[in-house]
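K.L.:
Encoded as structure tokens, here's the structure I'll be asking about.
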Amino acid sequence: MDLLLWFEYIGTFVFAISGTLTAADKRLDFFGATVAGFVTAIGGGTMRDLLLGDTPVAWMRTNNYFWVIIAAVVVTIIFRKHVMKLKRTLFLFDTIGIATFTLLGLKKALLFNIDPAMAVLMGMSSAVVGGVIRDILCNEVPLIFHREIYATACIAGALIYLVLNRLGVSELICETATVLSIVAIRIVAIRFNIALPRLINQKE
Amino acid sequence: MDLLLWFEYIGTFVFAISGTLTAADKRLDFFGATVAGFVTAIGGGTMRDLLLGDTPVAWMRTNNYFWVIIAAVVVTIIFRKHVMKLKRTLFLFDTIGIATFTLLGLKKALLFNIDPAMAVLMGMSSAVVGGVIRDILCNEVPLIFHREIYATACIAGALIYLVLNRLGVSELICETATVLSIVAIRIVAIRFNIALPRLINQKE
Amino acid sequence: MDLLLWFEYIGTFVFAISGTLTAADKRLDFFGATVAGFVTAIGGGTMRDLLLGDTPVAWMRTNNYFWVIIAAVVVTIIFRKHVMKLKRTLFLFDTIGIATFTLLGLKKALLFNIDPAMAVLMGMSSAVVGGVIRDILCNEVPLIFHREIYATACIAGALIYLVLNRLGVSELICETATVLSIVAIRIVAIRFNIALPRLINQKE
């Protein structure tokens with residue numbers, strides 16, 4: 001659990017970086033970049049807590065997320081050129097981030113007696129909604145809607161947790177398997193350029 | 001009430017279809033289409049429950065909505081060409097959907113002791129917010145903002161409910177009159193191509 | 001406090017006007033304009049109450065906001081040309097509005113035992129989120145992200161409140177100083193055309 005908390009901060013940090021970079025792409029000012037960093041980092045958790053009715057929402061109950069995000073925004077703005085070269089490292093951290101957020105969202109939903117099918121949805125949404133809000137704020141069709149395997153990996157990981165959990169496997173192993181499988185699926189998808197097929201309205 | 005529940009599932013099903021079709025128009029992938037189906041179907045009810053503070057939100061407390069939506073998305077993706085030819089049937093179901101959602105939103109707000117004026121707003125929003133989110137996700141100015149009578153029909157229906165209810169008319173008749181009047185107003189508006197006038201900032 | 005309530009209605013009124021005008025710019029119909037007026041006026045307070053878990057949200061518990069907004073929308077639509085010439089008056093009222101909303105958001109967050117750093121965030125968001133939603137609905141990158149000092153003034157005002165409050169200054173003076181400083185910062189920023197620097201991803 002302690003490790004999970006570390007992972008959560010890493011995820012928050014990396015999500016904030018991604019928000020800030022997107023904002024810079026759109027030529028937003030410092031304030032806009034900070035906001036983009038914030039909503040990307042906390043968007044998923046906020047939606048999770050609002051839907052479950054667990055208020056005030058988690059990130060408002062402690063100062064930690066606040067400072068992690070501020071740190072990420074400042075680092076990104078100051079070391080922009082360097083940060084952008086770290087694509088590969090960022091990708092790994094981002095993947096750890098979505099894996100962790102999926103796990104936390106799933107577990108919290110189960111704790112609130114939400115049915116497993118919906119809890120899986122909740123886990124996945126916790127991971128991806130921040131990025132969706134980021135893209136809406138920047139006036140783009142959310143990246144996640146036309147992109148390599150991403151939310152799908154979260155769903156797969158959440159399902160693996162549920163299956164192992166029902167088989168009576170220990171919590172630690174369930175969690176480890178979930179995080180590792182999400183990371184693995186995403187890496188394989190990127191590596192071999194796997195994507196979901198697009199829908200096209202044939203009009204010929 | 002039992003009939004109302006059936007109507008609600010029909011509305012959910014049709015809203016999910018409309019979301020999926022819009023996503024296909026935007027060339028989103030399968031995942032994006034599913035998400036668009038979901039948010040269109042549950043967006044209104046989610047906003048209603050969040051504003052009222054009735055959490056976890058209604059659609060998370062049962063599996064039914066989940067499966068209705070999944071079914072709608074799958075059917076739409078598989079039978080896309082056929083679904084698109086059913087415009088007229090879909091239109092009727094969609095209208096039954098917004099009428100039902102309006103009624104449910106209105107009644108729930110009144111149950112939470114919300115003032116009638118605001119309860120009417122709540123009824124209308126429950127019906128239309130799903131479509132607004134769908135359009136925002138797909139990066140368009142929400143259809144509802146420049147379209148034939150739609151939300152206006154919901155408001156009219158909600159007002160009719162309130163008037164009949166205050167006159168002491170039985171619940172069943174109030175509900176029937178509300179649903180029928182919303183359906184009738186929309187059909188007449190479409191038939192005779194009635195729309196609200198546009199605002200223009202004269203700059204000549 | 002009584003004065004603060006008046007300020008809140010003034011802010012609500014002016015925000016509703018700004019939403020309606022933006023909608024007119026986008027050639028929305030009357031309904032769209034009304035919705036834009038509403039969300040601009042109540043967006044910030046809604047987010048504040050949802051995040052804190054204070055539901056039903058404040059504006060639904062009384063009819064007052066409803067009628068203030070309706071009045072603003074009607075006035076704007078009828079006297080459009082005249083309203084647009086009042087830019088300077090509107091600007092002053094808008095500034096009083098964000099100052100008041102910041103103060104109310106900040107105080108409510110502190111009342112809910114939110115940590116000061118987050119309470120400042122909450123105050124600022126209460127003031128600016130309505131405008132952000134307005135811009136998203138109208139399919140634009142939110143104005144606030146590439147604009148003169150605005151949210152920054154709210155943050156500064158909120159910090160001033162916290163400092164004075166900790167120094168033991170009386171509530172009335174704290175509140176007055178907060179509102180006046182936000183108004184002053186904004187006027188100075190506009191007057192001398194001060195803005196935050198933009199982020200640019202150097203790609204040369």
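A Cβ is built for glycine as well, from the same backbone N, Cα and C atoms used for every other residue.
Since this is a predicted model, take the numbers as computed values, not measurements.
Per TrEMBL, domain 'Glycine transporter' is recorded for B:5-80, B:92-165. Taken from TrEMBL, the feature transmembrane segment covers B:6-23, B:30-51, B:63-79, B:117-137, B:149-167, B:179-200.
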K.L.:
Counting only residues 6+ away from its ends, which parts of the chain sit with a Cβ under 8 Å from the transmembrane segment (B:30-51)?
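P.N.:
Answer is 12-13, 15-20, 22-24, 57-59, 65, 68-70, 72-73, 76-77, 101, 104-105, 108-109, 122, 125-134, 137-138.
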K.L.:
Could you put numbers on the helix, strand and coil content of the domain 'Glycine transporter' (B:5-80), residue by residue per DSSP?
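P.N.:
When I sort the residues of the domain 'Glycine transporter' (B:5-80) into the three classes, I find 63 helix, 1 strand, 12 coil.
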K.L.:
Please count the residues of the domain 'Glycine transporter' (B:92-165) that DSSP assigns to helix (H, G, I), strand (E, B) and coil.
P.N.:
61 helix, 1 strand, 12 coil
K.L.:
With a Cβ cut-off under 8 Å, give me the same-chain residues at least six positions beyond the ends of the transmembrane segment (B:6-23) that come close to it.
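P.N.:
Contacts with the transmembrane segment (B:6-23): 32-42, 64-65, 68-69, 71-73, 75-77, 80, 83-84, 90, 93-94, 96-101, 104, 130-131, 134-135, 138, 179.
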